[in-house]
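Per TrEMBL, the feature active site, nucleophile maps to C278. What TrEMBL lists as NAD(+) binding site is 11-16, D36, R41, 92-96, 133-134, E167, 278-281, R348. Per TrEMBL, substrate binding site is recorded for 163-167, 222-226, R262, 269-275, 340-341, R444. Taken from TrEMBL, the feature domain 'UDP-glucose/GDP-mannose dehydrogenase C-terminal' covers 334-449.
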Amino acid sequence: MKEIKNICCIGAGYVGGPTMAIIALKNPGIKVNIVDINEKRIADWNDTDLDKLPIYEPGLKEVVAETRGRNLFFSTDVDQGIQDADMIFISVNTPTKTYGKGKGQAADLKYIELCARQIARVAKRDKIVVEKSTLPVRTAEALKDILSNSESGFNFEILSNPEFLAEGTAIDDLLDPDRVLIGGDDTPTGKEAKNTLSAVYEAWVPKDRVLQTNVWSSELSKLTANAFLAQRISSINAMSALCEETEADVDEIAKAIGMDSRIGPKFLKSSVGFGGSCFQKDVLNLVYIAKSYGLTEVAEYWNQVIELNDYQKRRFADNIIKKSYNTVNDKKIAFLGWAFKKDTNDTRESAAIYVADHLLDENAHIVVYDPKVPAEQVYTDLEYLKNHDPEEIRKRVSIVNDPYEATNEAHGIAVLTEWDEFKSYDWAKIYSSVLKPANVFDGRNILNKKALEEVGFNVYNIGK
Ligand code: UDX
Ligand code: UDX
Ligand code: ADP
């Protein structure tokens with residue numbers, strides 16, 4: 001087994017940043033270089049003010065404080081990072097394609113391919129190359145092709161090591177993972193590479209939680225895990241619609257079914273819809289892959305998970321309109337939360353974006369308060385959909401730093417993210433400043449419905 005002294009990670013994002021920080025923390029003998037072409041991002045990672053790190057994750061700044069400058073480094077010099085490394089993690093973005101074949105479903109692998117070509121060009125010795133980004137099945141083959149056709153003549157072992165961390169709990173997930181999955185070839189050099197990477201994790205993860213598989217199983221396991229998790233949310237959200245028509249309560253149902261050990265209690269929280277950079281992208285990717293093998297029924301089965309999620313977001317927006325006497329034209333709707341879940345500043349695919357977009361179709365004014373999301377991000381998210389002009393968006397949407405200002409004189413309040421602080425607001429004070437009837441649409445079922453009703457609010461939940 002090779003001893004690793006130097007690791008390079010290409011991509012200083014939500015996955016690469018925290019993962020490498022923990023690898024560096026637990027392996028003080030390994031020098032870890034994170035490289036990225038985005039100069040601003042690297043400058044932010046190097047900022048002496050740890051509150052300026054480009055990613056907000058509970059516990060992250062403490063880990064960076066301990067490791068940065070010791071054995072964790074951030075740089076824009078990608079070539080140097082590649083040259084120095086024994087092992088290279090590729091952790092660049094793999095968004096859904098927005099053009100050409102597979103548009104809207106397939107993963108866009110152009111960033112991965114660029115990395116592979118760059119490695120082939122600048123490497124001066126053998127390397128282990130690890131796919132960290134979520135990738136469609138058989139991407140390793142493309143990587144291998146590019147690397148083995150390079151003129152260098154060096155040996156590149158390709159491993160798949162998907163990341164299962166969830167944002168907001170990244171540090172805990174990394175410190176205590178349910179499992180670490182490492183896929184690679186079953187050749188002698190492939191096995192050696194798998195053992196070498198296993199040793200990096202075994203610095204803190206119990207050996208029996210480090211699984212080795214073939215490369216295809218590893219790639220497909222990641223897509224399958226995300227598809228199953230997303231499917232649970234769509235399943236409970238489907239039930240929420242039925243609960244609202246009957247007198248059943250979706251939280252009571254979730255508790256009752258979750259006690260069945262075959263089902264389990266996690267990931268059964270009904271909501272305004274799932275967001276995040278992974279679920280939709282990975283399920284669509286699975287749909288695309290199934291279709292490309294002619295497996296129409298399989299593709300349709302998984303596509304329904306996305307359709308139901310779109311329905312849930314639309315249903316929430318439609319309910320706001322319906323309860324506002326069927327019009328939100330020029331009415332002020334306060335949004336509490338914009339991030340796709342609590343404890344992160346990430347807004348990718350957040351349900352809030354789609355709910356806001358739908359309300360903008362109806363000429364609403366939206367005032368957003370989120371404890372971690374900057375104003376420009378809200379505008380970027382809405383502009384990206386291209387359904388409304390940037391001027392119109394800036395006219396109709398404002399972002400404030402104070403929840404009481406957001407809710408002042410609002411015709412309705414919508415909770416889009418489950419930030420804990422929303423629960424402890426002075427709701428009596430908020431009631432006195434909103435327009436009546438005072439409607440709260442709790443898209444996360446986090447507020448104390450009874451207490452708010454006693455204050456005078458009408459509270460509309462999901463699945464109740
Ligand atoms: C089921 C429920 O488990 C039980 O809680 C309910 O009260 C009645 O319905 P049952 O139909 O008796 O019970 O058997 P179960 O073990 O759930 O199996 C149902 C079918 O699913 C069988 O054909 C079984 O072979 C199949 N199955 C089960 C699988 O194909 N894969 C599995 O992982 C589990
Ligand atoms: C997910 C997977 O959990 C993680 O393993 C994978 O590596 C990346 O994708 P992430 O997207 O960061 O992680 O967060 P997650 O906690 O899974 O939440 C995703 C979305 O589902 C959020 O919008 C969240 O609010 C929503 N959700 C989650 C629910 O609506 N209900 C639930 O019960 C759980
Ligand atoms: P993830 O959630 O998968 O970590 P992010 O978008 O947060 O995704 O991070 C991916 C990072 O990869 C970005 O900071 C981007 O600048 C970087 N990146 C993309 N392509 C390259 C490349 N060819 N070389 C170096 N960095 C890259």
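Placed from the backbone N, Cα and C atoms, the Cβ positions cover glycine too.
Positions of TrEMBL features highlighted on the structure.
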{"residue": "G11", "record": "NAD(+) binding site", "DSSP (3 states)": "coil"}
{"residue": "N93", "record": "NAD(+) binding site", "DSSP (3 states)": "coil"}
{"residue": "E163", "record": "substrate binding site", "DSSP (3 states)": "coil"}
{"residue": "N226", "record": "substrate binding site", "DSSP (3 states)": "helix"}
{"residue": "S270", "record": "substrate binding site", "DSSP (3 states)": "coil"}
{"residue": "C278", "record": "active site, nucleophile", "DSSP (3 states)": "coil"}
{"residue": "F340", "record": "substrate binding site", "DSSP (3 states)": "coil"}
Quick check on the domain 'UDP-glucose/GDP-mannose dehydrogenase C-terminal' (334-449): DSSP residue counts for helix, strand, coil, in that order please.
46 helix, 19 strand, 51 coil
Close binding-site residues near C278 (active site, nucleophile), where close means Cα within 10 Å, chosen from G11, D36, E163, S270, F340:
none
Quick one: which of the binding-site residues (G11, D36, N93, E167) have their CB closer than 6 Å to ligand 3?
G11, D36, N93
For ligand 2, pick out the binding-site residues E167, G273, F340 that have a CB under 6 angstroms away from one of its atoms.
E167, F340
Could you measure between E163 (substrate binding site) and D36 (NAD(+) binding site) for me? Cα positions, answer in whole angstrom.
19
If you skip the near sequence neighbours and keep only those at least six away, which residues in the chain come within under 8 angstroms of D36 (NAD(+) binding site), Cβ to Cβ?
I10, G11, A12, G13, G16, I42, F74, T76, V78
Looking at Cβ-Cβ distances, which residues of the chain lie under 8 angstroms from A166 (substrate binding site) while being 6 or more apart from it?
D173
Nonlocal neighbours by CB distance (under 8 Å) for S270 (substrate binding site), same chain, sequence gap 6 or more:
I233, I236, N237, M239, S240, V250, D251, A254, N445, I462, G463
Would you count the other C-beta atoms found within 10 angstroms of the C-beta of F340 (substrate binding site) for me?
25
Sort out the sequence-distant neighbours of G273 (substrate binding site) for me: same chain, 6+ apart, CB within less than 8 Å of its CB, listed by position.
I233, N237, N309, D310, Q312, K313, F316, A351, Y354
Please report the number of other Cβ atoms within 10 Å of the Cβ of N226 (substrate binding site).
22
Cβ packing number for C278 (active site, nucleophile), 10 Å threshold:
25
With every protein chain in view, how many other Cβ atoms are within 10 Å of the Cβ of Q280 (NAD(+) binding site)?
21
From N93, T96, Q280: binding-site residues whose CA lies within 10 A of N226 (substrate binding site):
Q280
